[in-house]
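Worksheet: the structure to be examined is printed underneath.
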Amino acid sequence: MTATAPAPISPTTTKRVLLAAPRGYCAGVDRAVVAVEKALETYGAPVYVRKEIVHNKHVVETLRDRGAIFVNETDEVPEGARLVFSAHGVSPAVRESAAARSLDTIDATCPLVTKVHKEAVRFAKDDYDILLIGHTGHEEVEGTAGEAPDHVQVVNSPDEVDQVQVRDPQKIVWISQTTLSVDETMETVRRLRDRFPELQDPPSDDICYATQNRQVAVKKLAPECDVVIVVGSANSSNSVRLVEVALQAGARTSYRVDRAAEIDPSWLDGATTVGVTSGASVPEILVQDVIDYLDGRGFADVQEVRTATEDLMFSLPRELARGLKAAGHEEKRPRRGARTALPVEPA
Ligand code: SF4
């Protein structure tokens, strides 16, 4: 994936759309959705999925129509049935509970989430206090914290830094949820470091490439926009962050919608430039619907504002790949035209 020097945005007096790129599906979401699709094709319905496979209503509804059954916990799945873990990851306790029910699991945890799990395990083994910057209650945070519950405390925002208590200020490290605002996270880290100068950084960025790229793109176009429309579901952390980033970067207003039908026409009153982007779990068809909606209201000029090019693709979960091979099915990945299939490290 490469950063691209974006072309300057020229001022305008005619109605136009600035369309952020990159936007929409990331490699982890693509892999998770394809995993459920392939499981349905290969094994037939039903395939159980713990939690929403990715945080997007449209994706979940589409898979449900095809035979996926979404559950909150493993005890809702019949013994011995097939269960997919979502892209957000699960704690060891969930894996144990699935094993106790003899569930045939397919782990669609995004490899970039797995990387953060491994950091938590490693630092807990070395007896660090781990400050996990993230949102309490988010599935990813539950999964990561569950790797080392005795060592992890969650820090939700910069304002919570004053309440953090550690055993040894010389032995603490921060890690984070993958889908946060980069700027707010750095502010939390700055305040933590003011209190704990010996705070260690994680070995590499935990906020993933897709989250960062989508925020950079929206920051580029937001100052030109009267309105920025973010396509994404309310429980999609990175989509919600895009609204915040757009406002902080200078958009006059910004709204999140699941689909074009949720746009209130009054948002466009007096607007000349409308920015459009989408969260990492959003299929392009939903963005296209928004573009068509705007076209119907005179915003026919669509200019792409690209700040990076992405070509990352993860190989399918290995247990599924084995199943596909045994069934004589190919591991075809038609969805996104990505060029590079990266092997996934052993969890
Ligand atoms: S947003 Fe990032 S961490 Fe989450 S699934 Fe996509 S690539 Fe993985």
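Backbone N, Cα and C define each Cβ position, glycine as well.
On a predicted model such as this, the values are computed, not experimentally measured, just so you know.
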- Among H88, H117 - the residue TrEMBL places in the same isopentenyl diphosphate site as H55, H138, S236, S237, N238, S281: H88
- Message: Which range is it, out of 187-209, 325-347, that shows up in TrEMBL as region 'Disordered'?
- Response: 325-347
- Checking the binding-site residues C26, H88, C110, S237, S281: which ones have Cβ within under 6 Å of ligand 1? C26, C110
- Message: What whole-number Å value do you get for the CA-CA distance of H138 (dimethylallyl diphosphate binding site) and C110 ([4Fe-4S] cluster binding site)?
- Response: 15
- Task: Over all pairs in H55, H88, H138, S236, S237, N238, S281, the listed dimethylallyl diphosphate binding residues, work out the largest Cα-Cα distance in Å.
- Result: 15
- Which of the binding-site residues listed here (C26, H55, C208, S236, N238, S281) have a Cα atom within 10 Å of the Cα of E140 (active site, proton donor)? none
- S236 (dimethylallyl diphosphate binding site) versus binding-site residues C110, T178, C208 - nearest by Cα: T178
- Task: Find, for the listed binding-site residues H55, H88, H138, the residue with the lowest Cβ contact count at a 10 Å cut-off, counting only other Cβ atoms.
- Result: H138
